């Protein structure tokens, strides 16, 4: 048995696959199959030709014939009837005046070839009809107001039935309907009760026949409503349907319509319930003012009892409709075409349902099954035909008919007995592309009889693919449940049956997914600004994504303000209409990713409006307003401002704020103010423009509610007291004639003194004792009274200079640059004011060094507060200092204490002032130096270190010499000729060795060698060689010069920078020399110090608090603790120190290399 499965894993290959499938079957025999036919109930338009469709396929192509009313219909006998070429479709030409009704009847098409016969449904052809309304004369209808009325329509029966409606010819339009007046399902017009306005002479019913597009009109009906007094109210009764119960039958799948139209006064209201269950709300509609209940797609579950209820204030009436649901036959399992190989088994199943249950009958090639010859391989059992060991040549078309009282179903299914080797129908070498981690479907559609078995292989065919991650489906498709890169490659599907084998190759490419890495983000932007949505994507390199931007799931507006870039969308000059949701869609041929973000366009809110003052009181008023548009940014708060037209006209002041959810405020007011109010709204963008001012509101004057703030009492002279305060504003005055009553008394004295002043903010009391406490008060007074009792403030009269100096001043020298000073505090009585602190006056008397006498200017170190000790930093070593201590208050310094003298000990010396190397010879160099500018003590000697530097910048062993302090020059002998030397020179005191200064020098070459070179230079050949060498040297010098200008260092210098000062370098174990050559000696800080990021040398951590150094900002110290810049020695260097110390090789040196 052959089942042909068509599975399209990739819809892009559908057309190619269909063509290939057609090519695979075009040579195979196939019984006929009906492909198109006219509907069973075929109503034709008598004005057009009749076309009865019947199309079929088969191999060979089938021939066609027709029956009419069960009899053979000879197409050739009627010249008006023709059959289309290669088709069974009939064309009946009635354009010559023939009547369509001549060709009414039941038609059936037969399509046959040598392998079987297929038949169509019975096609009942009927002519559409639109008969005229019967002639009638309608008498006027006279009715009493309030009674019920039914206007009958009774349209002529048409085919199909007409659409009925009532018209208002005075408009013209359809007659207006209401719960009181409505049209029933039968077309009649029902009045639950009539009113005088129902009187008219043109009630006309129309019938429209859709097939012929004609409209028929009933004769007009005249209605006259009489008013013979008020109508009596009455309970509802049903006009349709009659009685209390009724029944209705509907077919499954059709539309169920039920109506209940009631009359009564007042007009009844109609409602529906299902007695035996719930109404199907998803398929239910209440029409015609709830008088009609419609259910679409009826199922068996819709059977049951439905109750409609009509109700007015006088009563209620019910009607129950029992609904029975029947069903024309419908398929449970329609028979499918069957392809079998010889000796195979199979079956055709024709299973249908309906109500009542349909009867199943079978036919073969259009002949009832019981009338065809017996075939032992075929057995019929009710709705199933079973085939066993079928034989070649037993192909046929079987018809299954399922029918009951409500209709029938007819299905054709062929049994095609074939013997065919396998054929793979999937196009060869097809490439499937799939996204990583997605399922991949590889097709292997095949045909063969017997049914081929499909197996799949990958690459080398080492094993059949079936099992994780692969799934081989029955239709031959191979599924990779989750594709990974390792699944890419060549796949082979093999179709095999007993008659042969066929194979096909396909390719799978697994691509990286397209993902949006940076999604657009929610934006809130101010109107007229620009906004940018980013949308950055990663994708497979072989797939080029296309970006699409949508606004609110639609295309972007056609506006040049929208600029789409590779990974962004820019909207320029944003307007409010640009607000919405923007979606970035990244598409490739295989997948897509999308991300959305919302844009909210905001701007300053509109100003509030409609300001109104209510609830007027002496000290308060109620203010209400209407908010303006917030422009997509909720109002956070409202700011209420006021203008005082009496005291400060034209100037607005903030009064209060209220939350943005409120539109009213209760305002507290001050007396003696002419108020105008305005309101500003605040959102996330900012404040709105102010509203229009409110009407003016005036308050009456009153005594002050408060006294001046900021009252102070201080002295400016030793014998006065100045009382000051913050002047009160006009708003605080509460009335005219504002004055201040100033009161004072010495503390602990009972009597108050006072004075009243105006238009000032201070008052001076003269003749007070020095620095004594006073109590003061300031009270506001106007023409309407005094303010509340004022508070008391304590202050002091003026200060005078202190009269006593600190006693017991002691000095402790900590080190060569730091001293610790202690003193006893002065008494409060002698202070005569507030204690501000103490000052140390100190100066350097002279240096203890005989060659360097010195006298520096006096310096001051201040210690605020009640301090009794302090530290003096930044002193010069080996010097004599003097100091005294003074107390100070707000008036100034007191007298000085007795002067104390102290000495600072010796310290480490400074760098030698200079080092010069002169008189270079073959094996000696002359060194000259100057003593340190700051010896910081008595020099005990000098230290000289030196080492050689060879042509590759490697360093030789370090030689060290000690020199006496009184020497300023020396000659260094026994040096190597033509050799560069590096020198480090430093001074020493008893405290140790100071920083070194460094220099370089080169000894001269051997004179004998020079004479030999001169002799060689007289040779002609050598002159040419030297010219060439000189030219090469010149080029090298130019190159080195360019490189030096760019890089800033020459080779030897780079080598020097790579090594530290031999003073701190570890010694090599083998030769006791320093590791490498360095010239950075004179740039290194002393041991035990550190260099900050700005180059300042700072002392290591100390236990001394910076507070002990006085209030002098952030002092910085050098390595010995002294102030930087106070006595820092000027570092002298020879001009040669600024020149590159690595000399370029001379031609003579070059010649030495050849000797």
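Glycine is treated like the rest: Cβ placed from N, Cα and C.
Nobody curates TrEMBL annotations by hand; they come from automatic prediction.
The transmembrane segment annotation in TrEMBL falls on one of the ranges 977-998, 999-1020, 1021-1042, namely 1021-1042. Checking the ranges 668-687, 688-707, 708-727 against TrEMBL, the region 'Disordered' annotation falls on 688-707. Per DSSP, the domain 'Ig-like' (329-416) is made up of 3 helix, 52 strand, 33 coil. DSSP assignment over the domain 'Ig-like' (32-124) gives 7 helix, 49 strand, 37 coil. Note on the region 'Disordered' (688-707): residues 604-609, 611-613, 616, 618-619, 621, 623, 625, 628, 641, 643, 645-646, 652, 669-682, 728, 732-736, 738, 778-788, 790-791 of its chain, located 6 or more positions outside it, place their CB under 8 angstroms from a CB of the stretch. Counting Cβ pairs under 8 Å to the domain 'Ig-like' (131-222), the stretch among 236-324, 329-416, 513-600 with the most such contacts is 236-324.
According to DSSP, the secondary structure content of the region 'Disordered' (688-707) in residues is 0 helix, 2 strand, 18 coil. Mean pLDDT across the domain 'Ig-like' (329-416) comes to 93 in this model.
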